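Please read through the structure below; I'll follow up with questions.
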Amino acid sequence: MSEQSFLVLTALAEEPLHGYAIVQAVEQLSEGRMVLRVGTLYGVLDRLVADGLAERDKEEVHQGRLRRYYKLTDSGVRALQAEVARLSANVRAASAVLRGRGVQAWVGRA
Amino acid sequence: MGGSGVRNLERRYRALLKVLPRWYRRDREEEMVGIFLAERDDDLDLEHSWPGWGETWAVLGLAVRTHLAAGAAFTGVPARVVWRGEVVRALGMLGLLLGLFYAMAAVVGLVAGPQEPWWRFLELAPVVAFAALLGGRRTLAKVAAAVPLSLVVIAVGSLEDSGYAVWWGMVQLPSLVTFVCLCLGFHREAPVPPARRLVWWGGGAVLVGVVGGLSAATGLFAVALITVVVRVVVFVRGDFVLGRALSLFALLQLVSLLYLVVPSGNLLVPAGFLAVLLVLAVVLPVRRRPKAAPRVA
């Protein structure tokens, strides 16, 4: 699973979101590292919907503009769980190696 | 949406979105414009700004994916668009199989034949590209598929006769087309090709490549013959996608063959027979299985 898909799924895990809210949520989740372009966002959403991990939800008009919401499916929740477990195992392994070298695993931000 | 209150920035974004196919815009344009213009309420910005390079590039990428419907599922996608994308991917895979053939022929040639320039070892790159693609490592596959093209550059630089360099370039035409097909058809959101089935095809290409290394004419003849036979089988089965891809694949081989044979003046019967086989594969009709629903991966 690409980092973009992972972050979009994470964003949708809390509640159904419309496109712009997904872009904002991904930027926030990644602490500003990832800014999804609109073309990229729809590439990711198309694939997630195709794989049955996300689906279209309600539509609304906000300030004269269409907003379409997307939500996570049960398969999406399971896929996200599996990815979190995989990444957590990697983090645990890397942390153990770093501790073995006498280096702390987490570097605090200034 | 639209009307007299439309600002320049919105017009520019809508103009940019025209690179997307109509069926996609019908479904998504308003939604996308809404995101482009979200929280942008400054008059100067709305009148004088233009879509940024990053946004433009991302929309162009989406345009390639949607025009070829390369693996992504969309609502309301016309069947011809799905087929177009699948033909591109099938042609890319066929090109890689041809690359495997040439790679094995080169290995056998290097082992058994006279001394060759060192860079001919780079001809093994299609093996890496094939394995990487089946393993889902698309970027590595594309980089490896680009290596034979760099051979053309090396050849042009190292050969004094420019006519021979052009000849070399034309012979590498299938590599160029394969590379383009891989870039267009196997992007990040496209599905990974079915490894188990393709491994058998890859094994076959390697075997024929070994024959090609021992006898180039026999190897090329075998490739053309297999192309025609599979083309006929595909016609009988009504596989429109593979039929169209094989037609284009045969055409590529035909161009390479003409550039191999004609300048040398070596117009022997086997080359003529080979050309006839390939022409057959090109012109054989393609057929759609009745009521075949377009397969959307």
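Backbone N, Cα and C define each Cβ position, glycine as well.
The following feature annotations were taken from TrEMBL:
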- B:91-112: transmembrane segment (TRANSMEM)
- B:118-136: transmembrane segment (TRANSMEM)
- B:143-159: transmembrane segment (TRANSMEM)
- B:165-186: transmembrane segment (TRANSMEM)
- B:198-214: transmembrane segment (TRANSMEM)
- B:220-238: transmembrane segment (TRANSMEM)
- B:245-262: transmembrane segment (TRANSMEM)
- B:268-286: transmembrane segment (TRANSMEM)
Which stretch, B:220-238, B:245-262, B:268-286, tops the Cβ pairs under 8 Å count with the transmembrane segment (B:91-112)?
B:245-262
At a C-beta cut-off of under 8 Å, are there same-chain residues at least 6 beyond the transmembrane segment (B:268-286) that contact it? List them, or none.
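Non-local partners: 217, 220-221, 224-225, 227-228, 231-232, 235, 240, 243-244, 246-247, 249-251, 253-254, 257-258, 261.
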Cβ under 8 Å to the transmembrane segment (B:245-262), counting only same-chain residues 6 or more beyond its ends: which ones?
87, 90-91, 94-95, 98, 167, 170-171, 173-174, 177, 220, 223-224, 227-228, 230-231, 234, 271, 274-275, 278-279, 281-284, 286
